[in-house]
Amino acid sequence: QEHAYPADELMPLTCRGRVRGQEPSRGDVDDALGKFSLTLIDTLDTLVVLNKTKEFEEAVRKVIKDVNLDNDIVVSVFETNIRVLGGLLGGHSVAIMLKEKGDYMQWYNGELLHMAKELGYKLLPAFNTTSGLPYPRVNLKFGVRHPEARTGTETDTCTACAGTLILEFAALSRFTGTSIFEEYARKALDFIWEKRQRSSNLVGVTINIHTGDWVRKDSGVGAGIDSYYEYLLKAYVLLGDDSFLERFNTHYDAIMRYISQPPLLLDVHIHKPMLNARTWMDSLLAFFPGLQVLKGDIRPAIETHEMLYQVIKKHNFLPEAFTTDFRVHWAQHPLRPEFAESTYFLYKATGDPYYLEVGKTLIENLNKYARVPCGFAAMKDVRTGSHEDRMDSFFLAEMFKYLYLLFADKEDMIFDIEDYIFTTEAHLLPLWLSTTNQTISKKNTTTEYTELDDSNFDWTCPNTQILFPNDPMFAQSIREPLKNVVDKSCPRGISRVEESLGSGPKPPLRARDFMASNPEHLEILKKMGVSLIHLKDGRVQLVQHAVQAASSLDAEDGLRFMQEMIELSSQQQKEQQLPPRAVQIVSHPFFGRVVLTAGPAQFGMDLSKHKAGTRGFVATIKPYNGCSEITNPEAVKEKIALMQRGQCMFAEKARNIQKAGAIGGIVIDDNEGSSSDTAPLFQMAGDGKNTDDITIPMLFLFNKEGNIILDAIREYEAVEVLLSDKAKDRATIFKGKMIPNYIIDSNLEMENTDQKSSENDSHKQDSEEAPSASQDIGAASEEPEEGENSDVTDPDPLSPADAVSDSVSISNQDSYIPGTEEATAPEPACTPGDPQPQEQETETESNSKVNWDSKAQPMESILADWNEDIEAFEMMEKDEL
């Protein structure tokens, strides 16, 4: 409210609201923003859970008075459903509960429900397809395929996008008595069920909304599919329809048969489920242990949760994606709540205080590494600790809710949480809806359902058995073998295909052993349907034709060989990359809380080998481009020099400031508005000569990040920074001096527990909710002479340089090769997963009830709420003097 209202989201680093069209486009991520005060609506029922009833009442009044749902703006059907429609329904649910109790909301007359119904009707045009699957986007004012709608041409949607509607739409129908919403959501679910792969009972990630053909045929429990499974089970719980449980059980059997490889959950191909589709996992699968608890299958839930916790202890947060040997694949962490959600449900199921310790670690890490002046900032890179100017609405809607509930006693709650079910956005829907306005007949629409012989289903709700009979150490005994799984990086076990072969023949040739000059290897390739082509540039290309293999088994061997070769080729690319670095502002009044993502240099001091980093006050050089002898050496000596990109080589800038006595350098991009949020990082290359004479560290900041330092200089003059390979703990920076201790909320403070919290290891990576492949760090070096056409060559070009060609290129013509998506845009192990740069787009505003103009605030205003801490530091300094 103080910094961002009525914008959709808070930008916690610049302390202002994110308004779509006024900030550079972030692509699909921005489809969640509809100029409808997203965070306010998404957080309504969280306020009641936290016993903030007065604040809730005020927030509801604001929503009713200010929010306009008739904006000419294109939004995601999925995100708008779970966040806005779910938020309005959750707010309505707790509002009528409070009104019934008699102390609050006595004036409330269903206004939130009326808004939810209005929004429901605005989403319905998206369902105008022959299949019943909704378009992925809809214009709130003009619907779909209207001349002014600017949407309706899409052909594909993700399974979760079409399959995560039933709870909100059915609740809307049950609350209002209008059946059309539930009917549309059921039709979409029915269609996905009918299109499942019948032999494996798995579904793909992406489906054509017109034909029902699977576009992406890989299957897992993470991004793109996750909440489809969640809503099948929860639809049974909320609506009491047995067909949803039967479908869930069928899918769950397939998941545990093919995808679950304890403690891992790995994507497979729906047509060949014994073959893994990729060798990494995304963070969204962290919800799955919580769903397994709801199902009653506790052991695998404990195993996967423990594995994820070990990853968190290594990086402080769960990276957006990580490999099977627990290396970072995508390095961002947008403060996702799925792991906290599973932690809460496991504690509810086991009562094991271990999970309180896990929750304590989560809260400590949030306060220590994500807390910034105006909120909590997403992590740009979990390895460096750098921040992103982003705080998604789900952070308040889910993370706060689950962490509070984890530590809350029953007497802390003003209502019984067991009377509600959580949506995928943690909104509360009352269980009594199952018996209200049953406008849909409960006939079993599940076809070809086969009774499954699986003892796991004995645990399915309602669970009348005791989970841990006479064994309070049950959960610990499951966790114990996994406690060092990440640090030890256990060797990968035998694959399921190899396991199925038993003592039979193993793959005849491994990619790592292949030699193009070995005649025996070439003969084996031929048998597997793989041919070898020598290219003119000296490289070798491998092509597989499955139909040319000697047998179907040989064809599978060929597929596996090609997949290994893709992984090996990608790894060779990764090893040539340098990881991003961090610039941390450590002086008053920042004290290490602001961390900026910086591009590395291929010359100068290697910060990864100098763990202490380089610390010093910054000074702007003259001339600002640093391309000639520095004319203010007295101001630069023993300081970190700030200079502008352009007009000469990076190495020349470094030599000039080093000669002037600087201890380090920061090059700031001169391209106005550039940011690491929207552009791929790159590494500064040398000048083609020997650069061993350069001994100081050099880092690159995009324009937006650089301006944060320049603004701080204008406001405070003396600004001290730390250049390092990753952000440092503030306690380390200040060597035991008193540092202001910000906490999430007084409600989230927890009492001391007897158990000692686990130590964190070294410092610490969007799909819509699924991450897109990030850009590699490119290398830029040469700059044009004065007067040269800038359209042809740009000084220090920011677009990534072409990757060095691999010695082997791989293609496939007749059959799908596992991992080809990852091979075309490999995610470096040491680079952050940044989204593709996007053109800035401006949305048309219509019928807005509030002023959406949002401007950056001056630094003095930004730091106003730090006054008490500033005074405390001043007192500390006086005491020391």
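Including glycine, each Cβ sits where the backbone N, Cα and C put it.
These features come from TrEMBL:
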ACT_SITE  GLU79  active site, proton donor
ACT_SITE  ASP226  active site
ACT_SITE  GLU320  active site, proton donor
ACT_SITE  GLU338  active site
BINDING   THR424  Ca(2+) binding site
DOMAIN    621-708  domain 'PA'
REGION    752-860  region 'Disordered'
COMPBIAS  753-767  compositional bias 'Basic and acidic residues'
COMPBIAS  782-794  compositional bias 'Acidic residues'
COMPBIAS  806-815  compositional bias 'Polar residues'
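Where TrEMBL records a feature, it is marked here on the structure.
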residue: GLU79; record: active site, proton donor; Cβ within 10 Å: 24
residue: ASP226; record: active site; Cβ within 10 Å: 27
residue: GLU320; record: active site, proton donor; Cβ within 10 Å: 29
residue: GLU338; record: active site; Cβ within 10 Å: 25
residue: THR424; record: Ca(2+) binding site; Cβ within 10 Å: 26
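The residue listed as 'Ca(2+) binding site' and ASP226 (active site) are 10 Å apart (CA-CA, integer value). Between the C-alpha atoms of THR424 (Ca(2+) binding site) and GLU338 (active site), the distance comes to 9 Å.
Separating the Cα atoms of GLU320 (active site, proton donor) and GLU338 (active site) is a whole-number distance of 12 Å. Across the fold, the C-alpha of GLU79 (active site, proton donor) and the C-alpha of GLU338 (active site) stand 16 Å from each other.
Here the domain 'PA' (621-708) has, by DSSP, the following mix of helix, strand and coil residues: 20 helix, 17 strand, 51 coil.
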